[in-house]
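As written in Swiss-Prot, here are the features:
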- 2-22: transmembrane segment (TRANSMEM)
- 44-64: transmembrane segment (TRANSMEM)
- 85-105: transmembrane segment (TRANSMEM)
- 113-133: transmembrane segment (TRANSMEM)
- 163-183: transmembrane segment (TRANSMEM)
- 188-208: transmembrane segment (TRANSMEM)
- 223-243: transmembrane segment (TRANSMEM)
- 255-275: transmembrane segment (TRANSMEM)
Amino acid sequence: MLIIELLKAIFFGIIEGITEWLPVSSTGHLILVQEFIRLNQDKAFIEMFNIVIQLGAIIAVMLIYFERLNPFQPGKTAREVQLTWQLWLKVVIACIPSILIAVPLDNWFEAHFYFMVPIAIALIVYGIAFIWIEKQNAQQEPAVTDLARMSYKTAFFIGCFQVLSIVPGTSRSGATILGAIILGTSRTVAADFTFFLAIPTMFGYSGLKAVKFFLDGHHLDFAQVLILLVASLTAFVVSLLAIRFLTHYVKKHDFTIFGKYRIVLGSLLLIYSFFKFVF
């Protein structure tokens, strides 16, 4: 029944809206949830769906930060316009590693790592990394506390960290936030740049998935279009809340709690995978 499929779409949109911005892996969570709750659709659509619904989350970022990211915003001084263009240049530079590395390898990683065990391992490994890095940085003052002071070189290396998220379970936001902190930025700068970098990255990735879907000879029927729209709209609404939560959270807290969550979830998934294999 279509109504059941739409309810599932709403649920997946909620998962996407929350996990896209928290450093816990949205694609990984969607793949895991679909182990238990699946859309009654073909595999090609589901694989495309998992990526394309990110567009709703991206539009939420664009809405929240529209004035900050718009160089043509009325009332901006010449200096503010210059800084906005510089920010966009940093974002473009940070996209280069993904274009050169992640895009060509995407199909290979999709074929070999989109399974529960690799996702569980990635959750645990990056969970440990979050805890360890936060512990190492506890007594250190960040060198970069303002995006305007972040160098183009730092932006490029943050983009290199983003490439790590090609492995499901890693988390794009988690990889870039970790990388930014390692490179000396404050948590606030790390989170903000992660949000901004998501715009071209996820628009591009979603576009590639959609184009590949159609080039492979697939098409969308009315029900599938509706499922995509409902899931994306839900992801948009939930993302508005998740982004505001994270921007306030990082001002007073570190990311240790997310590291612990990743380790617990990854461990449970390994146990589940073991029993599923045995029994």
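Heads up, the Cβ atoms here are built off N, Cα and C, so glycines get one too.
Listed as Cβ neighbours of the transmembrane segment (113-133) (distance under 8 Å, sequence separation of 6 or more from its ends, same chain) are residues 23-25, 28, 31-32, 35, 167-171, 174-175, 178, 181-182, 255-256, 258-263, 265-267, 269-270, 272-273. Counting C-beta pairs under 8 angstroms (sequence separation of 6 or more), the transmembrane segment (44-64) reaches the transmembrane segment (188-208) with 3 or more such pairs. Long-range contacts of the transmembrane segment (2-22) within its own chain (CB-CB distance under 8 A, at least 6 residues past either end) are made by residues 28-30, 33-34, 37-41, 49, 53-54, 56-57, 60, 171, 173, 195, 198, 223, 226-228, 230-239, 241-243, 246, 258. Relative to the transmembrane segment (188-208), the listed stretch 85-105 leads the set 85-105, 223-243, 255-275 in CB pairs under 8 A.
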